[in-house]
Amino acid sequence: MALASFTARFKQFVTPDALRSYLAEFISTFFYVFVVVGSAMASRKLMSDLATDPSSLVLVAIANTFALSSSVYIASNVSGGHVNPAVTFGLAVGGHISVSTALFYWVSQMLASVMACLLLKVATVSQDVPIYTIASEMTGFGASMVEGVLTFGLVYAVYAGGDTRSGPLRSIGPLVIGLMAGSMVLAAGPFSGGSMNPALAFGSAVVAGRFKNHAVYWVGPLIGAAVAGLLYDNVVFPGHVSGRVNSDGTTGV
C-alpha cells in the first residue's frame, strides 16, 4: 500500500507538464548564472584593479538586472520563473508550491548553475571562476544578515510582481524583480557579494572548489525568503493568494 501510494505521488511529479517546468527552470537558471558569473569574469579581465574601480560593480549589477528580468520572463508561463532556490523556498513556505515540486526545482536550478560555471571555466581556459566571498571586516553572521535582507527584498518583489491585483502592471513583474536584484548588488556587492541566490553561489563554489563561508549564501537567503513570503501573505495582504504559482508550480508572473 505504501509503495503504491509513493509510486502514485511520484508520477505526479514526472508528468510532461512537470518535466517541462523543471526544464524551464534549468534553462532560465543556466543563462542567468552564465551572464552574472560571466560578467564578473569579463570585468576582471578588462579591469586591472577591481577593488578600486566601481565600474566593475556597476557592470555586474546591470548584468544581474538584465539577466534576471529576461530569465524570469522566459520561464514564467511554464515554471513560474523562480531561477533561485530561495524564491522557490519562499513560495513553498507560503504554500504556493508543494515541497516535492520545490525539491525538483532545487535540483534543476543547482545543476544548471554548476553547468553554466563549468562551461565558463572550460571556455575561458585561463580564467578562474569567481566565487562569492564576504569582506574581510565582516563576520559570517553579519554577511548572513545582509544576504537575508537582500533576499527578503527580492522575494517580496517576486510576490508583489505576481500579485493578480496589479492588473496591467503585472506584465512588468519580471522587470521589477530584475531592478530589485540589480539595486541590491549595488548596495551590498562589496560586502557580501550580493548573491541572493544559493544556486548562483553553489555553482561557482563547486567549479572553483572553494566553499569558505558558503553557508552564508544559504542561511541568510532562505530565512529572508521565508520571512518575505509569510509577511506578504499573512500581514500585508492577509487572505490573498498571489498569482505567482499554482500548487504544481506552473503559473508565472
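We count from 1, first residue shown onward.
Positions of Cβ are set from backbone N, Cα and C atoms, glycine also.
Heads up, TrEMBL stuff is auto-annotated, nobody curated it.
According to TrEMBL, the protein carries these features:
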TRANSMEM  22-43  transmembrane segment
TRANSMEM  55-75  transmembrane segment
TRANSMEM  87-107  transmembrane segment
TRANSMEM  141-160  transmembrane segment
TRANSMEM  172-195  transmembrane segment
TRANSMEM  215-232  transmembrane segment
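Scored by C-beta pairs under 8 angstroms, the transmembrane segment (55-75) has its highest count with 172-195, from the stretches 22-43, 87-107, 141-160, 172-195, 215-232. Contact check: the transmembrane segment (141-160) against the transmembrane segment (215-232) gives at least three Cβ pairs closer than 8 Å, residues 6 or more apart, which meets the contact criterion. Non-local neighbours of the transmembrane segment (215-232) in the same chain are 85-87, 89-91, 93-94, 96, 132, 134, 140, 143-156, 159-160, 192-193, 195-198, 200-202, 242; each lies 6+ residues outside the stretch with a CB under 8 Å from one of its CB atoms.
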